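Below: one structure, written as structure tokens.
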Amino acid sequence: MTAIGRDGHVQTESALPSLEDNAHCGGEKGIEARTSTGHDPCGGVPPWDGTDGQKIDIGSPPEPLHTPPLDPPPKGESLMIMGDGEALETEQARIERLGRERPAKFKSAGAELAFCYSIIASQFMAEYFVSGFNVLIPTLVKDLDIPQASAVWPASAFALVSAAFFLPMGRLADMYGGYPVYLSGLVWFVVWSLIAGFSKNNLMLDFCRAMQGLGPAAFLPSGILLIGSTYRPGPRKNIVFSIYGGGAPLGFFVGIFMAGLTGNYLPFGWYFWIGAISIITTIVPAIYAIPSDMEERKAMGVKMDWLGSLFIISGLILVVFAITDASYAPNGWKTSYILVTLIAGFLFLGIAFYIEGWVAEAPLIPFDLFRVPYLPAIFIALFISDGVLGVYLVYAPIYMQNIMGASPLQVAGWFAPMCLGGLVISFCGGYVLHLMNGTILMLIGGLAWVVTSLLFALAPEGANYWAFVFPAMIGATVGIDIIYNVTNIFITTSLSQNRQGLAGALINTLLYLGIAFLLAFADVTQTQTTQLGLKLSYQAVFWYQFACSVLALVVMMGFVRIRKAKSEMTADERAALEADRLDE
């Protein structure tokens, strides 16, 4: 029998007392064994017979104690007996308990709270510098005299660099530990946020935003690694991941608010400097509370795929550049530099595919990853859902201002339900993820995106807020938060300890690439329908968003199956158990 020990590690049958031996402890066979051989099969002290090993007759053994027999364990469970015999616990009960307990890596509840605050705040700050920056662009265009054709790049450079470097940074975290990569990413983020606030022209701002993007590329995958490797599968991990997901809508709302405040009343640099100060508040608790995993990670012997990294980074940068800039290029997709970069990008990605599959000793994306049941379908559904989010976050505010007549301040207020709903789902979701089937939750999230897209596609000029906008905001937060939390938990639980950095990198790569790809084609949809008028061209985008959300829902219905996120063995423990079975 293989079982989970008190410390959460796998114990084999030899380390546990035999049930048969224990059953004999008070019975006639046990007495006979002790009196005839001097050996106690139950692990007790052999009796002294005073004859230097000679056998003596002590008469008939006393009547055995008639204690009630042990109840057999439930079907499918193994009975666990503690090493000193003081308690009985089924293997499943032990796993359930470990899934609820505070991890042994934390010395106190305060250390765990500081750990969670730092990781969640990092997600908050990444979203702060994405959503808020879009609101700040009109101010930057005016203050730095940025040409309208170049206004997209201060925002795009950040996401472009992050998306390209997630996978290599995730591998570095698997190699050297989440702790050093996470802290390095935060420090880097602080430095370039401070410098960005002093930007004097468009070129300096673009460069600073690109350098900023390396920060989230490091701390977002390593943050997921730290959560995934610190917490066992179970309710406690569900709660932490749910609250972590809540950092995104909160950061989105605060980013918009601070950008609006800065743009109206302060020099634009304060938007960056306030963000930098906030990041520092995540570094201090991280130093204190995050357990160092450097030695543990080095012992795993994970290696870097440098050649594959080179072609993946180059390919992603070129492809994302082409699809992002195509709508703003002089001749659209027919512009020569768009075609050249797009073709070169896909060529590099094709070379990377060959390297990963047939050349690399330790590929960044191992092909056996796609043999995990339902994982490829989950990747596709997550990619599309993240892209739908990107389209919504860009075009919903534009539609509310230009068609529904809302002021910028009203738009911020109208997004409040999305923020508050995200917080409610985050704090409550962790308590139900182990009770509800993951597939059902995914379908709820997918259906919510369908409804949200449909509401904006049908919203008329001057549409009533409570009839169209409010339910759409609730649907958006239900859609993204549930899907994000369920997939995060499934992916990190499905992969082994030495692939937790890969898990974090894939989750964030799908997020950023999904937004970049679907938003690029949303822009194409809008520009190709301008002859219909502004309102109808925007609604064409929402019909495109509706079609994408329906596609994601179909993928979930047909190809995604996720069980309840309850306490269970880790991927490494399941692999060890399977190895034991094969050896028998």
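Just so you know, glycine gets a Cβ as well, placed from its N, Cα and C.
Annotated features in TrEMBL:
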{"type": "COMPBIAS", "residues": "1-10", "note": "compositional bias 'Basic and acidic residues'"}
{"type": "COMPBIAS", "residues": "21-32", "note": "compositional bias 'Basic and acidic residues'"}
{"type": "COMPBIAS", "residues": "61-72", "note": "compositional bias 'Pro residues'"}
{"type": "DOMAIN", "residues": "115-564", "note": "domain 'Major facilitator superfamily (MFS) profile'"}
{"type": "REGION", "residues": "1-72", "note": "region 'Disordered'"}
{"type": "TRANSMEM", "residues": "109-130", "note": "transmembrane segment"}
{"type": "TRANSMEM", "residues": "150-167", "note": "transmembrane segment"}
{"type": "TRANSMEM", "residues": "179-198", "note": "transmembrane segment"}
{"type": "TRANSMEM", "residues": "270-290", "note": "transmembrane segment"}
{"type": "TRANSMEM", "residues": "302-324", "note": "transmembrane segment"}
{"type": "TRANSMEM", "residues": "336-360", "note": "transmembrane segment"}
{"type": "TRANSMEM", "residues": "372-394", "note": "transmembrane segment"}
{"type": "TRANSMEM", "residues": "414-433", "note": "transmembrane segment"}
{"type": "TRANSMEM", "residues": "440-459", "note": "transmembrane segment"}
{"type": "TRANSMEM", "residues": "465-490", "note": "transmembrane segment"}
{"type": "TRANSMEM", "residues": "502-522", "note": "transmembrane segment"}
{"type": "TRANSMEM", "residues": "542-560", "note": "transmembrane segment"}
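Listed by sequence, the residues of this chain that lie at least six past the ends of the transmembrane segment (542-560) yet keep a Cβ under 8 A from its Cβ atoms are 374, 377-378, 380-381, 384-385, 387-388, 391-392, 395, 399, 439, 442-443, 446-447, 449-450, 452-454, 456-457, 479, 518, 521-522, 525. Under 8 Å from some Cβ of the transmembrane segment (302-324) lie the Cβ atoms of residues 152, 156, 159-161, 163-165, 167-168, 171-172, 174-175, 338-339, 341-342, 344-349, 351-352, 355-356, 359-364, 498, 513, 516-517, 520-521, all in the same chain and six or more residues away from its ends.
Counting only same-chain residues 6+ beyond the ends of the transmembrane segment (270-290), those with a CB under 8 A from a CB of the stretch are 106, 111-115, 117-118, 121-122, 125, 128-129, 132-133, 136, 178-179, 182-183, 186-187, 189-190, 193-194, 196-197, 226, 258-259, 262-263. Where the transmembrane segment (150-167) meets the stretches 109-130, 336-360, 414-433, 440-459, 502-522, the count of C-beta pairs under 8 angstroms peaks at 502-522. A mean pLDDT of 93 is what the model gives for the domain 'Major facilitator superfamily (MFS) profile' (115-564).
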